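Listed in Swiss-Prot:
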BINDING   CYS93, HIS96, CYS115, HIS121  Zn(2+) binding site
DOMAIN    269-452  domain 'B30.2/SPRY'
ZN_FING   15-56  zinc finger
ZN_FING   88-129  zinc finger
Amino acid sequence: MNSGISQVFQRELTCPICLNYFIDPVTIDCGHSFCRPCFYLNWQDIPILTQCFECLKTTQQRNLKTNIRLKKMASRARKASLWLFLSSEEQMCGTHRETKKIFCEVDRSLLCLLCSSSLEHRYHRHCPAEWAAEEHREKLLKKMQSLWEKVCENQRNLNVETTRISHWKDYVNVRLEAIRAEYQKMPAFHHEEEKHNLEMLKKKGKDIFHRLHLSKAKMAHRREILRGTYAELMKMCHKPDVELLQAFGDILHRSESVLLHMPQPLNLELRAGPITGLRDRLNQFRVDITLPHNEANSHIFRRGDLRSICIGCDRQNAPHITATPTSFLAWGAQTFTSGKYYWEVHVGDSWNWAFGVCNKYWKGTNQNGNIHGEEGLFSLGCVKNDIQCSLFTTSPLTLQYVPRPTNHVGLFLDCEARTVSFVDVNQSSPIHTIPNCSFSPPLRPIFCCVHL
């Protein structure tokens with residue numbers, strides 16, 4: 001920093017972390033200011049509530065806005081430093097003894113006014129050096145913002161894979177137990193099929209576990225590359241204007257290549273083999289489900305012999321999709337207090353649906369049309385995120401890493417065992433059993449379709 005600028009003025013425009021003039025300064029709750037890049041790099045791995053670097057007061061990380069006035073003052077300070085530098089004897093044009101205040105964008109050099117009009121540079125694009133430096137710095141900041149969004153996206157994906165790894169073995173064991181439980185209800189001659197299906201599921205589970213670790217390693221490596229590139233761009237932003245102008249093009253090109261080929265979370269599907277005779281056994285408890293006339297709508301309608309319900313949003317209804325998620329709920333006319341019951345739902349090839357049973361006190365939606373909490377709701381749902389569809393069950397809310405069922409999905413309700421089980425009818429395979437359900441009879445079937 002130049003001694004010609006007031007020391008007090010310099011101190012007020014200096015980031016306490018990097019000790020350079022502010023670039024894109026943000027002011028946090030306690031009133032202290034930092035460069036946004038410094039704040040990001042130092043607090044990314046810390047929870048939302050953190051401590052100020054200077055006063056140690058607790059502050060929020062959310063909704064950081066640029067301090068425009070501070071940014072303008074820091075820009076003026078840099079311009080003053082640039083002019084002092086260009087006005088020095090060493091920086092004068094050796095040919096014309098004029099100040100080199102013009103920047104040539106073709107050969108990235110500083111020229112005096114007379115040199116910029118020479119035959120060599122006449123047809124090149126020129127601009128004032130002070131203006132070019134700030135414009136280039138703004139381009140860097142814009143690129144840094146895009147890069148940081150990728151840093152955060154990659155970190156979210158890394159967190160997803162880390163969580164999956166920590167829970168994967170337990171999930172596989174739950175799936176194995178569910179299959180064993182189904183075979184215990186089947187005749188003894190299914191023993192070889194059971195053994196084969198369990199061995200295949202174990203092998204698939206181990207393969208996926210290995211792939212998860214590889215995916216996590218790729219994301220961790222990408223995180224270091226992204227953060228390193230971001231720090232490099234930040235360092236370039238802090239360079240004196242002349243150095244920034246001369247080195248700008250190369251670093252921008254390198255940063256763009258880093259944004260390519262971002263690793264994504266794996267699409268996990270732990271497919272179990274078919275269980276022979278599963279549907280025949282469940283059909284012993286088959287019941288007819290009907291909808292009260294006032295609760296039927298265009299998204300949930302009755303099929304054929306009323307032994308199954310069709311659910312889903314027809315793709316032809318796309319013009320009716322709204323920006324605000326809207327849920328369409330319907331309850332079955334039947335109620336259950338004891339016994340075992342089985343029915344099927346035809347979901348076709350749709351997504352953003354859910355169905356199951358609920359306690360008598362579960363209200364569905366509030367006055368704003370939003371779905372209430374999952375307590376008292378025992379359901380299977382399918383949602384689409386980007387290009388992937390995910391299955392989940394409620395009570396508790398749990399992701400199910402099985403292929404998305406198409407056409408028919410079965411529900412088996414056992415009031416005495418306090419369980420709700422879901423079955424992929426086409427694959428003759430169990431999806432999940434919700435154990436230890438906190439039933440509060442009478443129970444009612446419930447169907448939901450969501451337009452997103």
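Cβ from N, Cα, C; glycine included.
Structure with Swiss-Prot features highlighted.
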residue : record              : DSSP (3 states)
CYS93   : Zn(2+) binding site : coil
CYS115  : Zn(2+) binding site : helix
HIS121  : Zn(2+) binding site : coil
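Other C-beta atoms found within 10 angstroms of the C-beta of HIS121 (Zn(2+) binding site) number 17, with every protein chain shown included. Counting every protein chain shown, the number of other Cβ atoms lying within 10 Å of the Cβ of CYS115 (Zn(2+) binding site) is 20. The Cβ of CYS93 (Zn(2+) binding site) has 16 other Cβ atoms within 10 Å, all protein chains considered.
Model confidence over the zinc finger (88-129) is summarised by a mean pLDDT of 75.
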